[in-house]
Amino acid sequence: MPRMNSMRALLDLDLPLIAVSFADEDSERAAAEARSAGVDVAELRIDRFARTDVGHVREQVGAFAGLPVLATVRSAAEGGGWSGAEEARLELFREVAPLVDAVDVELSSREVVADVIAAAHAHDALAIVSYHNFDHTPDIAELDRIARSAKEAGADIVKISTMATNAADLKVLASLLVNAGDTEMIVIAMGEIGTASRIFFPALGSRLTYTFIGHQPTSGQLDYAETSRLIRRFYPEYDRRKGGVDA
Ligand SMILES: O=C1C[C@@](O)(C(=O)O)C[C@@H](O)[C@@H]1O
């Protein structure tokens, strides 16, 4: 039976969307809180789970039923917690693809990226192809090249998340968004200087902003409550248009 991809339905509204990242701690409670708070997307950071056997991972995804779910198994090479074999990571992606709305795989994960995208597409899940740089923001030519490669690899959404160390970095990332053409993008400037990007890059077309409830995972992130307040403040359409989809 074809299933509805609820993240795609939200994206189609063309509004800023707010994700909260979760590991596998007390998922039933966390999911209930996310549902009642009106979180748009639950990002499951499977790479940060205490256990990654298939049964456990499926159960965790199940706990978030009713919310759009994005599955991430971030490689250690890009700042994630996955240091296991690539084959096992691919297997996890294949297991969750039929259960989730989107997956996030790094462009640099050359061994598995094509297969992860194919697994997502086989189940009508969106493929986010990502690039992270926790050290600096590369120049615009390099970022353009990365974004083009991710798109060519089959990304539905290209995600670029880099450390901003000065105002010029913010401008580089903003120009990437402004010149994205028909490439769907998520662009994040990490670090304290980048905090503004988490609220204002959606105005330039960034499709998702990442937040947390509880412990701050990445420098510069605002928590869900504050993000949600600011998004509502700056995007008056947010509540009005989303109402129809969430119901
Ligand atoms: O890559 C991203 C962006 C992020 O690192 C951030 O800085 O908001 C948070 C991660 O959970 C997510 O997968």
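Cβ atoms are placed via backbone N, Cα and C, with glycine included.
These come from TrEMBL:
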- SER21, GLU43, LEU44, ARG45, ARG74, ARG198, GLN221: 3-dehydroquinate binding site (BINDING)
- HIS132: active site, proton donor/acceptor (ACT_SITE)
- LYS159: active site, schiff-base intermediate with substrate (ACT_SITE)
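When the neighbouring Cβ atoms lying within 10 Å are counted for each of the binding-site residues (ARG45, ARG198), the highest count belongs to ARG198. For the pair formed by LEU44 (3-dehydroquinate binding site) and LYS159 (active site, schiff-base intermediate with substrate), distance between Cα atoms is given as 16 Å, rounded to the nearest Å. DSSP classifies GLU43 (3-dehydroquinate binding site) as strand under the three-state reduction.
Here the C-alpha separation of LYS159 (active site, schiff-base intermediate with substrate) and the residue listed as 'active site, proton donor/acceptor' works out to 8 Å. When the alpha carbons of ARG74 (3-dehydroquinate binding site) and the residue listed as 'active site, proton donor/acceptor' are compared, the span between them is 10 angstrom.
A strand conformation is recorded for the residue listed as 'active site, proton donor/acceptor' in the three-state DSSP classification. A helical conformation is recorded for ARG198 (3-dehydroquinate binding site) in the three-state DSSP classification. Calculated from their C-alpha atoms, the gap between ARG198 (3-dehydroquinate binding site) and HIS132 (active site, proton donor/acceptor) amounts to 15 Å. Cβ neighbour count for LYS159 (active site, schiff-base intermediate with substrate) (all protein chains, 10 Å cutoff from its Cβ): 25.
Cα to Cα, SER21 (3-dehydroquinate binding site) and HIS132 (active site, proton donor/acceptor) are separated by 16 Å. Sequence-distant contacts of GLN221 (3-dehydroquinate binding site), defined as residues of its own chain at least six apart whose C-beta falls under 8 angstroms from its C-beta, comprise THR195, ARG198, TYR210, THR211, PHE212. Residue density at HIS132 (active site, proton donor/acceptor): 22 other Cβ atoms are found within 10 A of its Cβ, drawing on all protein chains shown.
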